[in-house]
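Annotated features, as they stand in TrEMBL:
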type: DOMAIN; residues: 9-44; note: domain 'EF-hand'
type: DOMAIN; residues: 45-80; note: domain 'EF-hand'
type: DOMAIN; residues: 82-117; note: domain 'EF-hand'
type: DOMAIN; residues: 118-153; note: domain 'EF-hand'
Amino acid sequence: MSELQLTEEQVAEFKEAFSLFDKDGDGCITTKELGTVMRSLGQNPTETELQDMINEVDADGNGTIDFSEFLTMMARKMKETDSEDELREAFKVFDKDGNGYISASELRHVMRNLGEKLTDEEVDEMIKEADIDGDGQVNYEEFVSMMMGEKHQQQSNK
């Protein structure tokens, strides 16, 4: 449990949330219970989506989420949030003029400051690699995809 790096306070909060999900108090959250809570939060997930959510964290494969699996799920979600803030900060470093895009010249500038000696061709190649919509620059979504390694998987499937 310690590798999750949650405070006792967070664990207590999650325990409370868990018991809200666990309607019958049996220590497990079923797709039905998850659906009830999601709907009460204004979401409307399909059965398949609910099953996927459970499968994602169901370590022992029994089709339900117990408290330790629930903690893992919550800790993961918190990590994602942290890294998103870090990515936004990193994006701002590259996006010198703050227009929401990283141009080739901005990328070149940052890479030079980092001590990377890149040719114009290499910089253009990096932009092309990350530039999903083909407008010649990298927006925030493209930057996140590049940093998370999502773009490369799409490429290798073709």
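Every residue gets a Cβ built from N, Cα and C, even glycine.
Within its own chain, the domain 'EF-hand' (82-117) is flanked in space by residues 123-124, 126-127, 136-140, 143-144, 147, which lie at least six positions past its ends and keep a Cβ under 8 Å from the stretch. Here the domain 'EF-hand' (9-44) has long-range neighbours at 50-51, 53-54, 62-67, 70-71, 74, meaning same-chain residues at least 6 beyond its ends whose C-beta is under 8 angstroms from one of its own.
Remote same-chain partners of the domain 'EF-hand' (118-153), defined as residues 6 or more beyond its termini with a Cβ less than 8 Å from a stretch Cβ, comprise 84, 87-88, 90-91, 94, 100-104, 107-108, 111-112. Mean model confidence of the domain 'EF-hand' (9-44) amounts to 85 (pLDDT, 0 to 100 scale).
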